[in-house]
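Undergrad: Straight from TrEMBL, here's the annotation block:
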type	residues	note
DOMAIN	6-64	domain 'Tudor'
REGION	55-96	region 'Disordered'
COMPBIAS	66-91	compositional bias 'Basic residues'
REGION	122-199	region 'Disordered'
COMPBIAS	130-151	compositional bias 'Basic and acidic residues'
COMPBIAS	177-199	compositional bias 'Basic and acidic residues'
TRANSMEM	218-238	transmembrane segment
TRANSMEM	258-280	transmembrane segment
TRANSMEM	301-319	transmembrane segment
TRANSMEM	331-351	transmembrane segment
TRANSMEM	458-482	transmembrane segment
TRANSMEM	488-507	transmembrane segment
TRANSMEM	528-549	transmembrane segment
TRANSMEM	561-587	transmembrane segment
Amino acid sequence: MTMPPVKYQRGDMVMGRWPGSSLYYEVKVLAFDSKSQLYTVIYKDGTELELKEQDIKSTAGFQPRSRSRSRSPGRRRSRSRSPARTTRRSSSRTAAAVAAAAITDSAVSSRRDTRLKDVEVMLSPVQQTKEAENNSNNRHEKKEEKQKEENNTANKVNETTEAEPEKNQGRYNLRRRKDDGDAKPAETRPEQLEEKEAKRVGALASTLSTPLDFGGKIGAYFWLLFLPAWVFFLVLQVNREDPSLTNFPPPLPPLEAFWDAQALGFVILWILFQALLYVTPVGKLSEGMPLRSGERLKYRTNGFFAIVVSAITVAAAVHQGVDLTYIHSHFLQLATASLLISILLSVYLYIRSRYAAPEQLALGGNSGNVVYDFFKGHELNPRIKNFDLKFFCEMRPGLIGWCLINFAMALAEMKQHGLDAPSNSMILVNLFQLLYVVDGLWNEEAILTTMDLMHDGFGFMLAFGDLVWVPFTYTMQAYYLVSHPNPLSLPALAAIVILKLVGFYIFRKSNSEKNAFRRNPADPRLSHLKTIPTATGKSLLVSGWWGVVRHPNYLGDLLMALAWSLPCGFSHLLPWYYMIYFIILLVHRDSRDMSDCRRKYGSAWDEYCRTVRYRIIPRVY
Ligand SMILES: NC(=O)C1=CN([C@@H]2O[C@H](COP(=O)(O)OP(=O)(O)OC[C@H]3O[C@@H](n4cnc5c(N)ncnc54)[C@H](OP(=O)(O)O)[C@@H]3O)[C@@H](O)[C@H]2O)C=CC1
Ligand SMILES: CC(C)=CCC[C@@H](C)[C@H]1CC=C2C3=C(CC[C@@]21C)[C@@]1(C)CC[C@H](O)C(C)(C)[C@@H]1CC3
């Protein structure tokens, strides 16, 4: 085969830009396709990609970074290593590299022409060099501070380009030629990690931060005050004879009405009881996703066992004459007690995160601002020995407590209205939400591939969300029905049940599909699905449920939320609060996930977004 007269010839050693970043690696030109105007290049590890001419530079402009420059050896990276090698090692390693690349990207774009040398294979921000040159005293502290600042800027710059995926169209052909055909790229196994290297990159990544979320530092102050206040507002408002929003604000009870030591005792007992069930050596030990360090944590996934034992215990207590309507009459005090516990837990989590090793920290929540980091959560998987605090709090006391509270509301309704059985609406709300929780616990392992477990640090947001928000606001429909009955006709009841089942089907199927794929991409049951390979070695599903919309699981969840509010009728907005909140939460979560995935997967993510155009609702949004 003869090469046409083009800029680079077959066999030339040049520098090829790694798609989605400004990192250049040494590559060999294999071929040029005059039709597509793409060069086929091969990286040192054997990976072949197709690049445009503008993404190739001659090696002349690049030189190995001089060792005399004061970069810490831990942060230096071998020149000959291509990013594609990452693919064979660890997705987490690549995530770090991509995060670092994002920084390089933006920093470089401002001085691309003048400092080409610095563009070369760097895992640390360009600015470090400048700092190293400038600083002699206080170098370490200053560097960290400045780096954080620049990381944020860098990420923002990166986001600006990310916001316009269309502009990237056709820029790269990310197809790995060796992957052509049906074969899926092998998902990286942690065993393949070179532990030392992974740790080094993990440590580097932990010095990086993702863009500030939730309105940044000011937002954190706001949410810290607003979220607890909103819980109290709901609890006080929903119990009123006229809970309409026009009847606002609810009269504020005296301060002592918020507090009851016995209520605190019950909450503590409940949490301890759940903790005991969690540590009981019953059920599977499941592996979490590989961490940046390459490690995979083990989780005791015995949630179904926990809810069954809890149900038996509660039934036995009721049988013994325990009056569960206490929960209804002391709802406010129970909420205050849970809030107190969540605050204490968050303080503990924040303090211990200050002593955690860098690779144990989440990428978000390390802004350096105490309030923001306290709110967002800094440590990824805080554990006391094998007791995983985040996993436990998310799946046990609040979630199972939600069902307990709903049940208590049904008893309170019967008591208040002298009924022999709860109303149809109350039964529906109870059964629907019980199904949701039991399903979550039955498929507990699937939570290990969700955003909270994989990416978010554990701080106030999740501690409060798990221990206060879920049990005291997700129970709003049942609480509302106690004093605002809403009889349902049979057709309405049937329609609501169908809606719930459709939502549940979509929710469960899509979550299970993604979970199964993430756990074993070679699963024969998934072989019919189309995928897009990414530079991290992980692939993206592009057909099946994840080919319909980008978050089919959110769609199912929203349909279910609708079915939970409908039994409460349309007299008041309050029981619709969950639906409204949930739309906001999921739309925000979707955009958070979009930016995270774009950062992680670069142009492969853009390709996914072009193929699957809608986010949650087909043809609408
Ligand atoms: N009731 C409630 O209050 C709430 C319920 N939920 C529910 O919890 C469940 C989990 O939600 P959440 O954690 O937000 O998000 P997801 O379970 O949807 O997880 C998102 C992650 O999935 C992976 N992913 C995204 N697209 C693809 C694809 N095409 N192919 C393969 N993997 C993909 C990415 O992670 P990676 O590539 O890194 O693996 C991404 O970060 C949902 O069903 C949601 O509805 C969530 C929040 C609140
Ligand atoms: C406003 C505020 C404080 C928000 C915090 C958000 C949390 C309440 C939610 C974040 C993700 C959650 C999930 C569930 C409950 C709510 C929180 C904690 C979940 C456990 C509910 C049951 C589902 O089956 C689930 C396991 C898929 C789900 C996971 C995410």
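From the backbone N, Cα and C atoms, a Cβ is placed for every residue, glycine too.
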Undergrad: How about the transmembrane segment (331-351) with the transmembrane segment (458-482) - do they touch, taking at least 3 C-beta pairs under 8 Å (6 or more apart in sequence) as contact?
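TA: Yes, since the transmembrane segment (331-351) and the transmembrane segment (458-482) share at least 3 Cβ pairs closer than 8 Å, they count as touching.
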Undergrad: For the transmembrane segment (258-280), find every same-chain residue at least 6 residues outside the stretch whose CB is under 8 Å from a CB in it, and list them.
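TA: Apart from its flanks, the transmembrane segment (258-280) reaches 232, 300, 302, 305-306, 309-310, 313, 330, 332-334, 336-338, 340-341, 387, 392, 396-397, 400-401, 404, 467.
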Undergrad: Sort out the residues at least 6 away from either end of the transmembrane segment (301-319), same chain, that have Cβ-Cβ distances under 8 Å to it, and list them.
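TA: Sequence-distant neighbours of the transmembrane segment (301-319): 273-274, 277-278, 280, 282-286, 395-396, 400, 403-404, 407, 411, 437-438, 440-442, 444-445.
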